[in-house]
Amino acid sequence: MKALLALILLVQLPIHKAVPAAPPAPLGCDDPESEAAAEFAVNYINGHSHHGYKFALNRIENIRVLPQGLNNDIMFLELDLLETTCHILSPTPLANCTVRSFTQHAVEGDCDVKLQKLDGKLSVLASKCHSHADSSEDVLQLCPDCPLLASLNNTEVLTTVTAALNDHNSKTADAYLRLLEIGRARIQYHPVHSVSVEFAVAATNCSAEEAKDNVEACQLLPDNQSNFGFCTATRVTRPSQDLRVDCQLYGHQVPTPDIPFLRPGVTYSQPGQDTSAGLVPSVAQGFTNHNLRLSHNNPVASESSSSEFPTSVLSAKSVAKRAVAEVAQHDKVPRPVGFVPPPPPCPGKIRHFKI
């Protein structure tokens, strides 16, 4: 009888089921973890770009995290970047690189990056980027007299680069320099006609004096001795003529095994100078800037184009719209005086300016 009574009491005890842990709150674009992932992604993008300039983070447009297991997440980032004044060969840390101002005809980069965070360590699985200059109309509206970006293979641009490199090599007692690539160029027509250029260079195994006798024998230094540099020049043709050149060498840098340094490509023949320019036709001809797409074009980086994830995962735009709608709905609820509704989690803050 006692056993039967104990069994009845046992059956009547409430059954407690294990309640699954609540999923973590979604990351906001300005959360420290998001910013750390974005910084890691930007460093990867700059480290694996083969042409042009380093880019700095301007805004985190969206972030999505897909848990894969214990301490294992897949992260998708959508980033807005802005071009800096540091060439990709420059050893200057990104934090010390200046973002080009709007009036300098800024260049914007858009990147999708897929990362894995495993046991707290980040790694990039794929990246997909493209970059473009701001519209001429926008620049002229703010600054009517500002010079605009010119095509990298513009005749005046090539002539200016050749004249500048000839001028430098004729006056230096150091190594003879060869052209690697033209980085950017701007032409101003009023009140003076001038061409401003920026280009990457490399030292050869000849002195400038030795090159006068046999320039064909001057070859780029091997990787274990390489010395790259950067030049800026401005050539005025009207109303008077003037040429100003400044070239700085970075000194030898240890190359990264999986990131090849620039090497000269197509040769642009100019009178009196055999300048080898590292400009593959698809890279520079007819374009005003080097496109990030050439170094980063992996469709797996984009969440929407990866078939391994369910379509129920919301896109960046839908997340942003929903967040804005939620804030608007909260605004209808009576709030204390001085209450400021929280910002939507994405997109994040603009660090420099919006193009």
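Positions of Cβ are set from backbone N, Cα and C atoms, glycine also.
Features reported for this protein in TrEMBL:
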- 21-130: domain 'Cystatin fetuin-A-type' (DOMAIN)
- 141-250: domain 'Cystatin fetuin-A-type' (DOMAIN)
- 1-18: signal peptide (SIGNAL)
Over the domain 'Cystatin fetuin-A-type' (141-250), what does the predicted model average in pLDDT? 93
Per DSSP, what is the helix/strand/coil residue tally across the domain 'Cystatin fetuin-A-type' (141-250)? 28 helix, 52 strand, 30 coil
DSSP residue counts for the domain 'Cystatin fetuin-A-type' (21-130), split into helix, strand and coil: 22 helix, 56 strand, 32 coil
